[in-house]
Structure formats: structure tokens, C-alpha cells
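Visitor: Quick paste from TrEMBL:
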TRANSMEM  24-50  transmembrane segment
DOMAIN    42-293  domain 'G-protein coupled receptors family 1 profile'
TRANSMEM  62-88  transmembrane segment
TRANSMEM  100-121  transmembrane segment
TRANSMEM  142-164  transmembrane segment
TRANSMEM  197-222  transmembrane segment
TRANSMEM  242-262  transmembrane segment
Amino acid sequence: WEFNGSFYQPSAFLMMGIPGLEALHPWISIPFCALYLTALLGNCVILFIIRRTPSLHEPMYYFLSMLAVTDLGLALCTLPTTLGLFWFNVRRIAFDACLTQMYFIHILSFIESSVLLAMAFDRFVAISHPLRHPAILTKSTVLKIGLAIVLRGMVSLLPIPFLLKRLSYCGRTELSHSFCFHPDIMNLACADIKVNVFYGMIVLLSTVGMDFIFIVLSYILIIRTVVSLTTREECLKALNTCVSHICAVLLFFIPMIGLSMIHRFGRNVPPLVNTLVAYTYLTIPPALNPVIYSIKSTHIREALLRAFCRKRG
């Protein structure tokens, strides 16, 4: 322990793997390696295909590029500590390193939420106002939306590390996961954490909570537009362009909402459930998003086939 002024601050935290299955960590690392490899390769391929294919230089695919970059960041944030724990039983993480990892994990999560909202807005404009779509979502507008998304995440979460550093830690140092979360660190403090709880709740509701509400509203408006179309074929064609995005939204928000509820209200939830939900939240979306978009997007499939054929040729 390090004494700093009027409070105690631990030099490091101890990360936990999957409770009760510590002896199986080397075997459990195999599916995690597969997920991380899929996330890294899949998102890099998506970025490469969009960059090299002029026909994909449209708002929908610009936002998909933002999603791929965010998923790459999430995978790279948790990969070193997770595989380090499973492979080499490296449990120790320095206090400041933990706060840094936590900050980037939360920023990237908030950015992913905002990108999914931007993609929902893009689908709404494309379906409801197809003729005005190119004029509304120009390249400069997409760039401004991307910058606003990043700035919102960085600014709203900037106080979190400082709020954690002001706390006094004088008891347990074991984290619940192989990475750092704000609620997880906060609950290890033996000081008054009301400010942390209040600020964390306000930021979560005003960012991710609002994003989810606006995504739902966007799809209500999309459904209203689709219902007004004359033929069934037009309805199905319009809805088919949203399937990938709906899957990405469900993959991200369901585990995130579950994890938030567990950290705040699930004191009697078994540790294994908490751990599995956390790993699902941070490893499944980055791995499955590029797979979903590659399967459902005809344009990306065709670009992939062309790139593959050029290599073979």
C-alpha cells in the first residue's frame, strides 16, 4: 500500500479470471483466442475492403468503418490482460494502468453506442428520404458526426479516473474480471462513493441510455415508413438493409444493460454470471459484427470475392 496525503492508494489491483474454473484457464483461453483473432482479422478486413472499394464510399459504410475501428480498440484494450491471465496467470495490474484501461474501455463502449445511433439515423434517412440522403449525410457531415461522437465520449468520461483516484482503498484489491471497470474499482473503496455512483449513473443515462432510446425511435419511424410502401417486395427490401444493424444493436446493448444492472443491483448474483456477462459484452460484439456485416451486406461480400479473386489471379 502507498500512503499519499490523507488517503491510502493501492499500488496494484489483482485481476480475476473465471471463478471456480481457474485450473481450466489454459483451455478456456482457446475460445478467447479464436474470438480475439476473429475480431482483429474481421475488422481489419472490413476496413481494408471499404478503403479499397470506391462504391462503398457512402455514409453507411463510413459509419461501419467507425464501428470496425471501435471494435478493434475494444479487442486490443482487453486482449493483453485477459490472455496474460489465462496463459501466464499474470493477475497484477498497476493502479494507474488499471485506470487507463478502464477509461479507454468505457470511452470505446460509449463511442460504439453513439456509432450505432448514427447508423440508425443513416438507415432512417435512407429509407424515409432516399432522394435527400446524399445531401443530408455528406462526407463533411459524417466526419463532423464522428468527431462529435469521440469528443462526447472523451469529455463525459474524463472526470472518472480523477474521481477514483480521490478515494481511499484500504481493503480488498481483487477485481471481478481480467480487465478494469469503473463500478468494479469503485466498489473496492472504503470511502464514500456517492459522487462516483451519481456521476456514473448520470453519464450512462445521458449517453448510452439516450442513444438506445433514439435508436428505438428511429426504428419506430422506419417501420412507419416501410408500412406505407406499396408492395411487399419493397417492404422486405427496405427492412433487409437494417438486419445487420439490428443484430449489432442487440449484441451490444443486451449484455451492456445486463452488466450495468448486475454491478448496481445484483449483489446476490453468482460471480460466474457476472463474469460471463462481462466477457460477452466485451468480446462477442467485436468478433461477430464483421461476420454479420460480411454475411448480410451484398456489397461487402462482392468486394471480398473480388479481392480474393485478384489475389488468386
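Each Cβ is built from the backbone N, Cα and C atoms, and glycine gets one as well.
Bear in mind that TrEMBL entries carry predicted annotations, made automatically and left uncurated.
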Visitor: Could you name the stretch, out of 62-88, 100-121, 142-164, with the greatest number of CB pairs under 8 A to the transmembrane segment (197-222)?
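Guide: If we count Cβ pairs closer than 8 Å to the transmembrane segment (197-222), 100-121 scores highest.
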Visitor: Would you kindly list the residues that approach the transmembrane segment (62-88) from elsewhere in its chain, counting only those six or more residues past its ends and only Cβ-Cβ distances under 8 Å?
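Guide: Distal contacts: 15, 17, 25-26, 28-29, 32-33, 36, 39-40, 43-44, 46-47, 50-51, 101, 104-105, 108-109, 111-112, 115-116, 118-119, 122, 139, 142, 146, 149, 178-179, 248, 282-283, 285-287, 289-290, 293.
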Visitor: Averaged over the domain 'G-protein coupled receptors family 1 profile' (42-293), what pLDDT does the prediction give?
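Guide: Averaged over the domain 'G-protein coupled receptors family 1 profile' (42-293), the predicted model reaches a pLDDT of 92.
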